[in-house]
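Visitor: Here you go, one structure.
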C-alpha cells in the first residue's frame, strides 16, 4: 500500500509545481484500492470486486469543469481498468479506461487517472472494462453538478439519490467468462440489484410534500430495466448530461448504460411505497423492490408492487421518441442548450455498424461488421503516438456490414478530426442491443 500513497503524493506535488492548484477549475482527489471481497447480493456468497471495501464503489460528486485525480491501486491478481461512462474525454482519450487507450493496471500496481469534466453536467457512472469484471461489481455513480451561477430549469430538490440498477448473476465473473470461452451464451440472470442489494434491501427516506431527485443508471450486463415508484409520478429532467423537456412518466425504460434524472414529489399519504425495477423483453420477468419511506409514515407498504411493461417493444420506442432536449434551458454554460448552432451539417461519410455474436475458434465472440476485436501486444495509443509499425492497420474494419463469418482482428477505423459522420447502428439479432461509443455525444436523427 505504501506505493499507493507515494504515487498520489507525487502527482499532488507535480500539480502544485505546475501552478494548477486552487485555480479556476478545482481538483478533486480520490485514492482507491481495488480488492476482492465476499458479497451476498442475492443471498449467495460470491467473490465481488470492491473499491475501498465498498460495493458498489464510492460515488464521484463533482462540478462542471472540475479536474478529477483518481489514483487506482490494483490489489487483484489480474489486470484491471476503469472506464468513465459518459465522460467525454475531450481530446484526451488517454484516460478513457478501455483496452487500446489505456494499458491495463497490472496486479500490485497503480495508475492515476487525470481527467476533466469539461463543459459537462449530469448523471453518469464508472465501471470496470476488462475480463467480465463488471459482473463482479467495481462500478459506482458519477454526478456532475452545475456551477452555482448557471441557472437550472427546476427548483433545487430537497434531496438527491443515486440509484444503480442492473441484472445480476450468482456465478462469479470468472465462471461467466469461462461460459463464453466455451462457446455458449450467458445464462439468464438470477436477479436484479439496486445499489448492490436484492429485493427490499434498501430504504429511501423522504419528507412528505418535498421533491427529490433520483439519478437512475442501468449498470447491468444484458437486460433493459423498467423503473417505477408506487403511487408517484416521475418528471424527467435530465438524460445523460442534457436537460430534457419535463415530461411526466409513470414508469421509465432504462436500457443498458443509460442514465436518467427524475424529480419525484412526495404528494401521497404518509406511509411506505414500493420502488420497483423489472426486466424488459425477458421471460420470465425479474423484479426487485426497494422501499420509499415517508418520514411520517403511519404504516408499511400495502398491496402488491405495481406492474409495468414487459415485452411491449412499441411502448418502449414511443417513450424514447417522447424524450426531447430542452432547448431553452442552460446546459453547463449559461447559453441555452438550443443556442449552439452548427449551421448546415455536411456529412462526408456514412458508417454502418452491425453487431453479431459468431463462434470463432470454438468460442462465443461478439463482433462489429464481422470483426471481433483482439488486443495487440502494444497498446494502440502508444503505437499511434510513436508510429510503431505492424501493430494495427487503419481500415482493418469496414464501414459497412460484410455479411461474412466472424474473424479476429485488432480492428481500427480511421476518422478525420472535426468531420461530421453519419453512423447507422444495425441489430439483426433477436435481442435488444445497446451501443457505447466512448468519449462522444451525438445528434440522434432517426
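Any Cβ shown, glycine's included, is placed from N, Cα and C.
Note that TrEMBL annotation is computational and uncurated.
What TrEMBL lists as domain 'Plastocyanin-like' is 34-147, 160-297, 377-446. The signal peptide feature in TrEMBL is assigned to 1-23.
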Visitor: Summarise the model confidence on the domain 'Plastocyanin-like' (34-147) as a single mean pLDDT, whole number.
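Guide: Average per-residue pLDDT within the domain 'Plastocyanin-like' (34-147): 93.
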Visitor: Could you put numbers on the helix, strand and coil content of the domain 'Plastocyanin-like' (377-446), residue by residue per DSSP?
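Guide: Output for the domain 'Plastocyanin-like' (377-446) reads 6 helix, 13 strand, 51 coil.
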Visitor: According to DSSP, how is the domain 'Plastocyanin-like' (160-297) divided among helix, strand and coil residues?
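Guide: Tallied per class, the domain 'Plastocyanin-like' (160-297) gives 9 helix, 69 strand, 60 coil.
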Visitor: For the domain 'Plastocyanin-like' (34-147), how many residues does DSSP put in helix, in strand and in coil?
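Guide: Split into helix, strand and coil, the domain 'Plastocyanin-like' (34-147) gives 7 helix, 54 strand, 53 coil.
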